[in-house]
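Student: Could you have a look at this structure, given as structure tokens, before my questions?
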Amino acid sequence: MGLIGREAQSLSGLDTPNAGLANEEEKMKVSDYGEFASGALLIAVGLFATGYALTLPMGSWLRIGPGAFPFGAGVILLGCGIATILPGFLKSGSTPRIEVRPALAVLGGGLVFALLIEHVGLIPSVFALVLIVATGDDKLSIRAKFGLAIVLSALTFAIFKLGLSLPVPAVEWSF
Amino acid sequence: MGYEDFLANAALGLETALLPANLLYCFIGVFVGMIIGVIPGVGPLAAMSILFPITFYVSPTAALIMLAGIYYGSSYGGSITSILLNVPGTPTSAVTCLDGNPMARKGRAGVALITTTIASFVGGSVGIALMMMFSPLIVALAQMFSSAEYFSLMVLGLLAATIISDGSQVKALAMVAMGLLFGTVGLDLNTGIPRYTFGLIELSDGISLIALAMGIFGFSEMISSLRGVKTGEVRRVTLKSLIPARDDVRRWRMAMARGAAVGSFFGALPGVGPGVAAFLAYALEKRVSRNPERFGHGAVEGVASPEAANNAADQTAFIPTMTLGIPGSATMALVLGVLIMHGITPGPRLLTEHPDLFWGLVMSFWVGNLMLLLLNVPLVGVWVRLLQIPYKWLYPAVVMFICIGVYSVNNSAFDVILALLFGALGYGLRVLGFSPAPLLLGFVLGPLMEEHFVRAIVLGHGNVLIFLERPISAVVIGISAVLIIWGAYSTIRQFRRNARVLEQQQQQQPSI
């Protein structure tokens, strides 16, 4: 870190005495939270993967066991995580922004669909799905959302029941 | 291979491609691909997954013809959106925005559209011709390959995908590793020991390819495009405005030839893909131009060349996938996965065991490209109207198709939940600046790599150096090593540049 910092300094023509130390301190303050989170995620997954792989038989060179390959992949992941998190301290960066509402609408709609489909059938699940997903933004009025849900339910019936005869009942009730 | 064999193969392929059922699925594929390509925020992967359930009702040949049609059809459609909206309809047509949209703003949208259509057809045709010529040669070479060579080639493919990717190479490598890990989930093939299944029976056959692809591409693309995409502000394009001037046609010729050459070459390489090929073609065109200042302000060559390149690359990308079973891109990985699900293992034997499938697919490319050429022009009005539909009406429909698509593959609600988990993961990764394409590549190649690795070492009686002792494998490993060194060098250079920029920033604003 220090070496690279000093070298970059001489390249940029900055050559005041003691600047190295001062910059070192500055750098610790500006960290790239996105890179930090990325690195942390990779390290977490890597640790879990290697830990789990160690519980599997590793085998020998003649007969490679089921644990060896995932262990290798986990080690690469750990390495990448460390290589991502360290420069994260050095760089400044923008904190990533998460679109919470669209994420909740899309994933929530999908979850409701998955939980409903085997109990109430295809059409009611699609209806619920569309209503929830459409709350992802404010651009549609409530009436428009219901209208869209009705149209798409009808379309689903036409394509997947009449057209492809999907082996799931259009409407049922089984809890 | 003789000239007569070539004709016999072409005839067999044409016969297969022209069967009424195959023609129909080719049409469905290119048509749906085009629609999906036009809609921004939905890529070809999402489109292929949506139509995936249909593939169980038809022959593997028809299924493959349809999925391939979606793939190259979406690149025709994607450029329409690039031109009219300045938003790439598919990632591969991003470069087309640079000059296509300025042309549209100057009132030359019609000419830009006809340029992309013809350039796409020319590029696609060159790519297909090369695929017909080179596939048998590569298959002949592949007869000498054993597990060691396959493993080395897959390593090279994954490394190339990592190093050529846009953005951080370390992050791309991490995505490959994560894909390899997801690929190991399920019962181990040799011992039957469950890996990463957490006691869930649903996971014992491994993670469903469609659930993974739909999660990290479909759902996460919808989340990130939901607020970003604006459709609905498109002017009409008259059929008369499609007629190019004589000057345009003159500029087309060399631009399309160069674009097709660049695209064909880079498309066949592992990991490069049509997006990069289009970008390289654009850069080349700008460099050889006598007046490069026209670029970015509606230069017709800036549309013709990248469009020829991405369509040529779309076709040649099938060469390694079909002849070696080694996909070069995420989309090709999905094609490979589909073939495996239908019980067909792509590789050198595919050409001898299923010549009708291979040559039928190749000849269907001609048919499909011809359909696209004919469809694109008269349907311009339809595409414009499609883009006038506000996105708020479109995105719930797309999410719905994704959910039903994932569900119907195995009639499994579990797969939908799995896809949602991958959607959350994929969105998180996207926010953190990861590009998820290498993950899918690693996921599909992982199990194949493990199998070939184990087999190569068994064949070598426990000798790990087998990969360096076999000459072809050694050359491939050597190229991989060069790639790693080059990648490490450029990462360090990037790192130093960042440090320097930071230094300068601090110099300017000392009081932070």
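Easy rule for this one: first residue shown is 1, then count along the chain.
In case you wondered, yes, glycine gets a Cβ from its N, Cα and C as well.
For A:37-169, the entry in TrEMBL reads domain 'DUF1468'. Under the heading transmembrane segment, TrEMBL lists A:36-56, A:68-90, A:110-134, A:146-166.
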Student: Quickly jot the same-chain residues contacting the transmembrane segment (A:68-90) by Cβ under 8 Å, restricted to those at least six beyond its ends, or write none.
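Tutor: Sequence-distant neighbours of the transmembrane segment (A:68-90): 1, 5, 27-28, 31-36, 38-50, 52-54, 56, 58-59.
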Student: Let me know the model's mean pLDDT on the domain 'DUF1468' (A:37-169).
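Tutor: Here the predicted model's pLDDT, averaged over the domain 'DUF1468' (A:37-169), is 89.
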Student: So what's near the transmembrane segment (A:146-166) in sequence-distant terms, Cβ-Cβ under 8 Å and 6+ beyond its ends?
Tutor: 122-123, 126-127, 130-131, 134, 140
Student: Quick one: DSSP breakdown of the domain 'DUF1468' (A:37-169) into helix, strand and coil?
Tutor: 99 helix, 2 strand, 32 coil
